[in-house]
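Notes for the one structure printed next.
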Amino acid sequence: MAGSRMKLELSKVVQGRCRLGQLKEIGRMGQHSLDIPGCLLYTHLGSVPHLTQDTLHTLSSLPTATQVTLSNIAEHQEVLDEFKGGFKTFAGLHDTVLYCSLHDSAAHSPTGHTTNKTVSVWGSGGRTELTVAKFMALQRTVQPDWYQAMADGETWQTGTSRKRVRKSVDRSLAHLDECLMVHQKSQELDGVSVFGVVEGGDILEERLRSARETAKRPVAGFCLDGFQTGAMDQALRSQLIAAVTEELPEDKPRLLQGVGRPDEVLACVEAGVDLFEGFFPFQATERGCALCFRFDVTPDPESAVADEERHAAGETQPNGDLNCDDQTHMTRFEMDLKDKRHQDDFRPLVEGCGCYCCRNHQRAYVHHLLVTNELLAGVLLMIHNTSHYHSFFRAVRDALANDKMDLLRRRVLGTVKE
């Protein structure tokens, strides 16, 4: 795309699909890079929930790309128009790449409000209906470094008719063409990258048509939409993603929306996905849970013995359901710190974790904060969960580099019976 500098450099491709590399020259000045497979930093209006900017930047391994959503921003357009300095300056975000998506994957979006010319987003003030003209006006106001084109993504529900899915693909391609036309005429968006959206529900033919047609447009990358947890089982998701990525150019990134659970992330990396949204730590925090799944693949005899001892004592059996399709329910990759059994547990949330919470506090203290509804509970859990999750993505890259993906998968799934 004219003015876009974004460039993908692959250093390794495993089994024909798993891609290791860097997304380079991102940002308007091309000064940033992002490791892939990677994860975006999840925010509400530019702020990571529960954390101040100072607290956030005590964490290591933070990604260089921050995600904001039009569902949160649209109702504040008048204020941002008056400010004139773009959302990054408005929110006090520094030294980061700003990515603007349409919906917040951690929030429920009612369906049934899409037309041939509009899509709807839902914020705290209710519904905002967007035409392409209003959508692009918002992009000029936000001034992101890259954004997702407008698309009709309401076909993820099981049982959606083939006719409705076909209409979704047609609408999304028409919206993309209009977005690109306006984009190329907008001086405010010079140097900004656009990602086209691949739709198609669970119908292979429509997925392939959407991928092929979107790839013909001058986009910098691709958003794979409609694959979120609960939309379809993992086997079908992997099959469709693998088929779609075969139709996409190798030199452009693929961002998957709505998938964050560790086991699903690994399966989607193996199907050819490069980037993921980072909402999963926030969801776990809101449930009063700490992420506790293991992802270390370096042989350590002492820790292996300790793992066996904990397993024998029943301590490695977490709560939740691996196969739960409802994103509001606890998964098997986290522990419920509201549970009474933690009231006198004086261990850190995760042994060996170097985050501030695990270095300074115990499960019993966080349990106390949760049952007394103290705000500090959310702060400490978000510190740990954010650190743990982004360290997991670093482990995925290390495993790909060292041919240890099978070992990593076994380690991650070690919290459940395989």
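Cβ coordinates come from backbone N, Cα and C, glycine included.
Fair warning: this is a prediction, and the values are worked out from it, not measured in the lab.
Annotated features in TrEMBL:
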type: DOMAIN; residues: 19-413; note: domain 'tRNA-guanine(15) transglycosylase-like'
type: BINDING; residues: CYS353, CYS355, CYS358, HIS384; note: Zn(2+) binding site
Beyond the site residues CYS353, CYS355, CYS358, HIS384: chain residues whose C-beta lies within 8 Å of the centroid, for Zn(2+): PRO348, LEU349, VAL350, GLY354, TYR356, CYS357, ARG359, ILE383, SER387, HIS388
For CYS355 (Zn(2+) binding site): intrachain residues, at least 6 apart, with Cβ closer than 8 Å: LEU59, ILE383, HIS384, SER387, HIS388
Position of peak Cβ density within 10 Å, selected from the binding-site residues CYS353, CYS358: CYS358
PLDDT averaged over every residue in the domain 'tRNA-guanine(15) transglycosylase-like' (19-413): 91
